[in-house]
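Asker: Below is the structure I would like to discuss, written out as structure tokens.
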Amino acid sequence: MLNEAAGARRIDVLDEVTPTMAEDVLRLVAEAARTDGQQAVSEQGRLQLRGRREGVRHLLLTEEPSGKLVGYAQLEDTDPVEAPAAELVVHPAHRGQGHGRALGVTLLRESGKRLRVWAHGGHSSARHLAQVLGLTLFRELRQMRRPLGPPATLDIPEPVLPEGVTVRTFRPGEDEAAWLAANAAAFAHHPEQGSLTLRDLEDRMGEPWFDPEGFFLAERGGEIVGFHWTKVHAQERLGEVYVVGVRPEAQGGGLGRSLTAIGLRHLAGRGLPTAMLYVDADNFPAVAVYGRQGFTTYETDLMYRTET
């Protein structure tokens with residue numbers, strides 16, 4: 001634990017937060033989202049508030065002497081190659097007072113001045129903070145959306161599976177290890193997704209939105225060769241192409257396209273009017289494929305980093 005007091009604020013750097021602290025952080029994130037229109041801390045970041053996580057540190061900024069939590073940042077140093085990654089948020093009613101910069105400076109120090117920072121939604125205040133901290137833009141993550149309701153439903157192609165491939169839904173308690181292996185193979189080039197652990201999977205399976213009937217597995221010869229995990233955002237009435245993956249040896253035969261169609265048909269069958277997904281802007285083949293499937297860019301998350 002590291003304490004840093006400066007003027008009317010204090011920043012605590014913790015390896016683990018208590019359940020009460022976690023509730024306070026989630027409340028702060030939700031209040032900021034109502035103003036910003038988007039969560040400043042990702043799903044993974046919110047899940048990492050539960051108990052101690054290797055390589056994860058929490059920065060809690062409180063105003064003194066009240067002790068009110070008005071800022072939060074999370075630093076994850078688990079990538080063996082890339083610099084530590086961070087997300088941060090300041091309560092809307094307490095912005096413009098240097099809290100964001102104070103969190104950013106602390107993140108730089110804690111990361112050894114090797115840092116990547118997400119700016120979800122690419123808000124102007126986040127871009128300004130990145131500039132103040134001397135960070136440069138290096139990654140753009142697009143959120144793309146498409147309609148699902150009639151007549152758009154008719155545009156979802158009929159799935160055509162490669163020879164020998166069958167599709168079924170995920171069986172909790174049976175498929176975890178096999179899916180993790182398939183996920184690691186499919187995303188060997190993508191450490192954020194490919195490094196998911198059993199704990200990460202179980203965290204998501206414990207969420208209210210988890211539905212095995214929307215988690216599709218493609219098998220050939222008893223082995224998982226591809227998958228499409230969908231997610232329903234009930235409050236927003238939004239269906240998500242949460243993750244689509246195909247093992248390298250099964251790529252190139254249209255399996256990913258067919259799995260995407262299966263998931264979209266499932267989401268449309270749930271009566272959801274819109275589907276969304278995330279894709280890196282520089283993944284031109286994927287952006288093109290999703291564009292042909294009716295997706296258009298809705299908003300963009302930006303990642304900044306220190307010069308390397």
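Cβ atoms are placed via backbone N, Cα and C, with glycine included.
Below, the features straight out of Swiss-Prot:
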{"type": "DOMAIN", "residues": "12-149", "note": "domain 'N-acetyltransferase 1'"}
{"type": "BINDING", "residues": "L88, V89, V90", "note": "acetyl-CoA 1 binding site"}
{"type": "DOMAIN", "residues": "165-308", "note": "domain 'N-acetyltransferase 2'"}
{"type": "BINDING", "residues": "V244, G245, V246, Q251, G252, G253, G254, L255, G256, R257", "note": "acetyl-CoA 2 binding site"}
Asker: Helix, strand or coil: which one is G256 (acetyl-CoA 2 binding site) in, per DSSP?
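Answerer: Reduced to three states, the DSSP call for G256 (acetyl-CoA 2 binding site) is helix.
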Asker: Work through the binding-site residues one by one (V244, V246, G252, G254) and name whichever has its CA nearest to the CA of L88 (acetyl-CoA 1 binding site).
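Answerer: Nearest candidate: V244.
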Asker: Do you know the mean pLDDT across the domain 'N-acetyltransferase 2' (165-308)?
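Answerer: Mean per-residue confidence for the domain 'N-acetyltransferase 2' (165-308): 95 out of 100.
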Asker: I'd like the per-state residue tally for the domain 'N-acetyltransferase 1' (12-149) from DSSP, helix first, then strand, then coil.
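Answerer: For that range the per-state counts are 50 helix, 42 strand, 46 coil.
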Asker: Write out the long-range same-chain contacts of G252 (acetyl-CoA 2 binding site), meaning residues 6 or more apart in sequence whose Cβ is under 8 Å from its Cβ.
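Answerer: In sequence order, no residue meets the Cβ cut-off.
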Asker: Across the domain 'N-acetyltransferase 2' (165-308), what are the DSSP residue counts per state (helix, strand, coil)?
Answerer: 53 helix, 47 strand, 44 coil
Asker: Would you mind checking how many other C-beta atoms are within 10 angstroms of the C-beta on V90 (acetyl-CoA 1 binding site)?
Answerer: 25
Asker: So around the acetyl-CoA 2 site, V244, G245, V246, Q251, G252, G253, G254, L255, G256, R257 aside, which residues have their CB within 8 A of the centroid of those CB atoms?
Answerer: G226, A250, S258, L259
